[in-house]
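Taken verbatim from TrEMBL:
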COMPBIAS  571-590  compositional bias 'Acidic residues'
COMPBIAS  1279-1290  compositional bias 'Basic and acidic residues'
DOMAIN    53-282  domain 'EML-like first beta-propeller'
DOMAIN    284-548  domain 'EML-like second beta-propeller'
DOMAIN    675-935  domain 'EML-like first beta-propeller'
DOMAIN    954-1220  domain 'EML-like second beta-propeller'
DOMAIN    1360-1633  domain 'EML-like first beta-propeller'
DOMAIN    1653-1913  domain 'EML-like second beta-propeller'
REGION    560-590  region 'Disordered'
REGION    1272-1291  region 'Disordered'
REPEAT    250-265  repeat 'WD'
REPEAT    286-310  repeat 'WD'
REPEAT    360-391  repeat 'WD'
REPEAT    852-882  repeat 'WD'
REPEAT    1659-1687  repeat 'WD'
Amino acid sequence: MADRTAPNCHLRLEWVYGYRGHQCRNNLYYTAAKEIVYFVAGVGVVYNAREHKQKFYLGHNDDIISLALHPERVLVATGQVGKEPYICVWDSYTTQSVSILKDMHTHGIACLAFDLEGQCLVSVGLDAKNTICVWDWRKGKVLAAAPGHTDRIFDISWDLYQPSKLVSCGVKHIKFWSLCGNALTPKRGVFGKTGDLQTILCLACARDEVTYSGALNGDIYVWKGINLIRTVQGAHGSGIFSMNACEEGFATGGRDGCIRLWDLNFKPITVIDLKETDQGYKELWALAVHPTKPLAMTGSDDRSVRIWSLIDHALIARCNMEEPIRCAAVSTDGIHLGLGMKDGSFTVLRVRDMTEVVHIKDRKEAIHELKYSPDGAHLAVGSNDSSVDIYGVVQRYKKVGECVGSTSFITHMDWSTDSKYLQTNDGTGKRLFYRMPSGKEVTNREELKMVQWASWTCVIGAEVNGIWPKYTDINDINSVDANFSNQVLVTADDYGLVKLFRYPCVRKGAKFKKYLGHSAHITNARWSHDYQWVITIGGADHSVFQWKFVQEKKTKETVHIAPQETLADSNSEESDSDQSDVPEMDSEIEQETQLTYRRQVYKEDLPQLKEQCKEKHRAMATKKRERPPASGVRLHFIHGYRGYDCRSNLFYTQTGEIVYHVAALGIVYNRQQNTQRFYLGHDDDILCLAIHPLKDYVATGQVGRESSIHIWETELLKPMSVLKGFHQVGVCALDFSADGKRLASVGLDDNHTIVLWDWRKGEKLSAIRGSKDKIFVVKINPYMPDKLITAGVKHMRFWHKAGGGLIGKKGSMGKTETMMCAVYGWTEEMVFSGTCTGDICIWRDMFLLKTVKGHDGPVFSMHALEKGFVTGGKDGMVALWDDTFERCLKTYAIKRAVLAPGSKGLLLEDNPSIRAISLGHGHILVGTKNGEILEVDKSGPITLLVQGHMEGEVWGLATHPHLPLCATVSDDRTLRIWDLSPSHCMLAVRKLKKGGRCCCFSPDGKGLAVGLNDGSFLIVNADTLEDLVSFHHRKDVISDIRFSPGAGKYLAVASGDSFVDIYNVMSSKRVGVCKGSLNYITHLDWDKRGKLLQVNTSAKEQLFFEAPRGKRQTIPALEVEKIDWTTWTCVLGTSVEGIWPVVSEVSEVTSACLSNDRKVLATGDDLGYIKLFRYPVKGKYAKFKRYVAHSTHVTNVRWTHDDALLASVGGADTCLMIWNHEAEGCREMRQCDSEESDIESEDDGGYDSDVTRENEIVYIIKALSTNVRPMSGIKPHMQHKEPSVDERPPVSRALPIPEKLQTNNVGKKKRPIEDLVLELVFGYRGNDCRNNVHYLNEGADIIYHTASVGIVLNLTTACQSFYVEHSDDILCLTINQHPKFPNVVATGQVGMFVRKLSVAATSPSIHVWDAMTKQTLSVLRSYHSRGVCSVSFSATGKLLLSVGLDPEHTLTVWKWQEGAKVASRSGHTQRIFVAEFRPDSDTQFVSVGIKHVRFWTLAGRALLSKKGVLSAVEDARMQTMLSVAFGANNLTFTGTISGDVCVWKEHILVRIVAKAHTGPVFTMYTTLRDGLIVTGGKERPSKEGGALKLWDQELKRCRAFRLETGQIIDCVRSVCRGKGKILVGTRNAEIIEVGEKNAACNILVNGHMDGPIWGLGTHPTRDVFLSAAEDGTVRLWDIPERKMLNKVNLGHPARTVSYSPEGDMVAIGMKNGEFIILLVTSLKIWGKKRDRRSAIQDIRFSPNSRYLAVGSSENAVDFYDLTLGPQLNRINCCRDIPSFVMQMDFSADSCYVQLSTGAYKRLVHEVPSGKQVTEQALIDRITWATWTSVLGDEVLGIWSRNTDKADVTCACVSHSSLNIVTGDDFGMVKLLDFPCPEKFAKHKRFLGHSPHVTNIRFSYGDRFVISAGGDDRR
């Protein structure tokens, strides 16, 4: 039989000819050692020019396209293309990987750059967003990521003179980035007028924020900051591709073939011209080797033919042809070189001087193959028109023959040794033979039998069958060449792989060795004439690779040459495996590798499923639901240990307890007291367990779609860390490092991913795909925590960490066997592994030294001791070895004979398969496949400690009628009796011929009936388990079996074929059959009289039969409830209707059992929950108590005879669990394991308008804001206008055109306004935000926010200072109270988030900043969509907690200084209002919200939470919680919507402070100094109480304060306590300071409470202004004094306000159509009138004070004559206005008024007649007194491009008439020149407002601009 193994020889890359300059730039550098580093195809090359040597880096698996050199010039980073491209950082000396960065980019990595220190690396992806990532490359961690640009980025560079700044450039853009926190923020370069906007190809950074960049047109652009300051014209003739900065200056290189050198100021120094002929980028196909010399000839589509010396590694000749060359051949004597061309001709040259011998063109299509015959007489030429021509060499290449027979193009040809035959391959995969030289086809196969071929380059033929994989017929192998003397074959294919096979290889799918290097397809491969080298050429990568052929050595020494390492594939990776024939696998291992751990439904899916079923609830929620039972259960003991598919999962803890796992539980077993304690953190099967070296922590890994690993401590059973989000399907192996800091884990996904964690931090350090086959064990090297080994099916690998990746080498042994276990020995390089054949392999580094026979059958477990080892195997032997595995010191056989008397059970068989073994406390601990845990004493006796069923599902469970015993029967074919009393042991066991699914004790307890899976059943003696009687009447499973009550006369037997047979026990006869059910029968129950049977089927039928004959009865539902049933184990019927969950499609209730006192019904279901209900369970979706312990299905539950215990069995997890039943009183103090029911009750403690509003508010980001006003029509910048008369060139005779605007600059020079600076903000956001006012600096300053501005107010000087970096509304604010971080503030803003790879710029961000310097310390771009509604610092001040407004209300914990996200988790389905860290903790915090309070713990990177448990306090119900405060000893206080405060200890409610406030408790503040608590709520002020109270530490006593605000109801939204003062923020937008001693109130800040503020009027001669808002107030503000002077309550929302020209009167327009005129001095009403029903939009006095114009929403303007006195009669109005009036302006002579309307039309009317003026010439002559219109040709430029949905809402021209300011719906204020008739005029932008600036005005001397916000009231 032909040998299918891989050949023993191999290839080593020796030289690469070529360099990739195509589509790549900046990829050639000098290293520190003066070597040159570059790349070709997928290989990084380090070239030593002095010694002419090359070194290769082979860590990539696809084309490299980018390269960067570390500043120290030793390390190199390279990036590749591919679907999951990665970056390698490697050492140019050793060419070994240092770090691997992956998982961020797709498509490819376009650019790379190191920063100045070399700590950070930036990379740019080729994905659609051109994502930019900044890496901490040594750790492999991403520090920040952001979308780079919408188009290609060509270059990126760190600014070497400024920290954390980068510049990127590309297609039509340049961006300047700053890195802060985890946010990369770009600013686009402004090209301005200095240069054209064009593509920038390269850049270099210089001092003082100067950046030089090379552009596509050959100019150099010079930037300062973000502005283009100058250009160096025509530096190159065309595009500048590369630019390099050094100490002396700059070098640039361009497409024109020149290199220019410049000095530091970019003055030219010199030019180096490298111009050469245009070398295209063409494919390389032709390759030939010289028959006698070490030469190779290549020819390419670039028309050149080149000759290379294989010894000197140099090009020795080159010659250009007329046509692209496709193939080449050298004559046998080495004189002629034949070249086949693409046009169908061929040329022959003399090799020595490259002169032409002959040029012949006989064909039209390309020549693809030519070969000289071995005797040198003929040349065969194969072309693409499917024929081979034969030419005579000596006849000057005359055509002598032609081979026609192929139907397709010729691909390969070979001559026979005697030159008489030629074989060909063609494109259809045919192999044909021809007689030479005539070209006649040979069809007789006999004739060919003796032919010997001179060469073998064909891909088709029996001899090369093996090069093709099995079952495929793809023609992707391009070239083959056989080496007859060494019997090897080399192949080259389309995937860039070079492979070595044995020759001949006859059978398909032969094994091979493969070599990466070429990128895409390899077009040709040839052996050199003496078989020393293989030459391969790459089509697309143009490179020529020269491989050294290394023959197999028979000697031993070579073992220690380490193979060259690479990433996923070692440089010569054997194919799938090396064995030609796989040895038989051990049955047990076979079974285990086939187990699947995938689930139909994962517990993780439950919340979503519940959400989908919400509708069902809502219908139900109105009905009263049954409350849960008063009593509960607690897990007491478990019989079971998971040994059948897990190994090495059993250990001693520090205290000598034993830790192991079964189902979803970690178990700590105390063998002295025979008790168990449980770790309940997992929610599905645990598959592996590892113990920390100090033996106090345990790591367990579970099954799950997103499977998690928990690290928990064995004393208190608390989780220390949870590692999540990396492994899929499950975690199958774990190991701690020797220092206990790291943890390695292996996943069950298809690639068996290996991850290395820093488990305390929860950080993933590195990850790599492990193997396609299952990995059984992972071990970290105890001496070097960067190294680890994995072992598994045909797998043994040695890994070491490199950055974010791991680099692995295969263990080198002849055939890789399946390894079951492995340990490290006494030095760092010794490793011992146990195989599936019973051998123990001894390794040094990665080389197998020898094997020792250890066991018969697989070695499953192995443990290293101080001096020696212990192993356990399938043969049931425990062996002790010395420290070199030389001698076996002692063996222990696990046999029944040596079982000690104190055992807690019986051994099922001798020599059970040993799966886990561990030593400690003078004993050997052994776990077996049968589920037993044994302790072997060193002297020999064995004690059995714990046992459970073996593999197979457990369904049958019965409890004894009067003793504390139960029986179980399982698919493992055993029936067992268990003692439930304190001894917890298995009393008896019996093997059955088949597995069983049910069992039942007879009423007297003497008999036990067992139903088996083959349809038979037996009755055995309950004590001895001996047969009494057996029957076999059915074929299907017996699913339930029941004795009738009383004497137990009848036995009902239900089977899967839908019958129930009734037997008479005494006479042993079948007496009746119950027919009529449609399906499988699931449950049976007898009534008390023994006459009636209740039956449930899997078709959800509930049927009744009469015994003994089995007649079917129909009984109405009401009657069923009256019947007295002996037992109730059914799951159908009205009395148990409430046990079915909302998501019953997914989870079936599998079993139920009613307690004997008929009060509590226990149920088990498919998701592993045990639930307790109050019986009878009427009405749907009853409330329950729920317990998790079983992993998947709970198959059966039963109460014991006295209801003291509940037993449950768990199907596939093989366990029997015993639960204590606890009455109500005794559970208070214990932690409750139960979870309350799924659905919350609907009543939540009341309704409050403020809470509802806050909950339902939708925050809109600016970029999406829409019109404030209901506009219609075409926007001004879209309208086409006729050129008006006056735009003709003016003639001098005409009058000069008057001023557009009357100016009142009395004697001042006209000076345009240059800039605006935010100076004052009136207002505070209190109506929908809370806890957002704080003291700073011992109470000297206060900080608060409004709109998008953070404000610090100094209380002594009343100066405000601002933080204005937010791009949108701030929603929350907190300060860091730790003394290390003084004045550090965090604020969170509104935003939206589009779910894409990277965080978009509009995503909400959290800014952490210094309140005094306003420096941004960190920006956290968050994944909270919609906004951040709460932020809180931890006790040490290092962590920040944020809550999102996204639908999941995500909670995220950040390390804010690094900008790193520590953990994130969805919080609740409804709104969370506040989440705060405990003031003494960095790991614990509490979140409160709508019907929600949760207590969270941060464990590593995971957030674990507990719901608040209410059941401890009578009649407590979950209310909406609004605020939280903390007390000592783990007390938490939460304020509710009803005014109560709940007091919690841990997560249990201990008491309620009823009516702490009469309305909702909106805010609470914990003083760190003395622990006193301040609360603020909504309350009417009264003598006793107020909305502000100060409490003691326990919330027992309080003192109330009154806020003297004059409001009917005070509503406090924020409190903060300083030294003797309390700071209060109210719903009415006031900030008040209250003294603790004298209760005196001092109002610090005022603002409008409800927006929008529409009206704004500035005084004509003083710096005061009026504002009018929807809250019904008009307020007078003083700018220099910085305060509110007065406020008038109007009782109705006001819309507009205006001063008279003298400033003595004020007109106010109201929303209801009324307007009022007040006298300024006395604020008395002078007159008021209501002529309209809808809102007054604008109101104006004429400049001569005679007329008042009132514009309203009723599309009208009314005129009133004020000289007629205060009765205000309308004298006229303007009609025919197309839409509502927005703004009005009078002309300076009071004769005209201009209106801007909602239809984007500007109209002019006469005053007071109201006629419309349409003549353009007249309009253009009017001089206006004011200009506030947003419409008109003079202001066309104020409309920007992106106003599709949003508008410019308001404008005002300055009194000097040189500037105009505008406000728009995006919340921007812009300053422009006036007039601005061109579209899209240049402007300066000022941010600060939330969306919608509603009004804007200049103050009287143009000193101030006042802007009013719609939504932000300021």
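For all residues, glycine too, the Cβ spot is worked out from N, Cα and C.
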With pairs closer than 6 in sequence left out, are the domain 'EML-like second beta-propeller' (954-1220) and the domain 'EML-like first beta-propeller' (53-282) joined by 3 or more CB pairs under 8 Å? no
Answer yes if the domain 'EML-like first beta-propeller' (675-935) and the domain 'EML-like second beta-propeller' (284-548) have at least three CB pairs under 8 Å among residue pairs 6 or more apart in sequence, and no otherwise. no
According to DSSP, how is the repeat 'WD' (286-310) divided among helix, strand and coil residues? 0 helix, 16 strand, 9 coil
Near the repeat 'WD' (286-310) in space but 6 or more residues beyond its ends, with Cβ under 8 Å, are 17, 279-280, 316-334, 337, 339-340, 342, 349, 351, 354, 523-530, 532-533, 535, 537, 542, 544, 546
Provide the three-state DSSP residue tally for the repeat 'WD' (250-265): helix first, then strand, then coil. 0 helix, 10 strand, 6 coil
The repeat 'WD' (1659-1687) - residue tally per DSSP class, helix then strand then coil: 0 helix, 17 strand, 12 coil
Just to be sure I understand, if DSSP states are collapsed into helix, strand and coil, how many residues of the repeat 'WD' (360-391) fall in each? 0 helix, 19 strand, 13 coil
Helix, strand and coil totals (DSSP H, G, I; E, B; other) for the repeat 'WD' (852-882): 0 helix, 20 strand, 11 coil
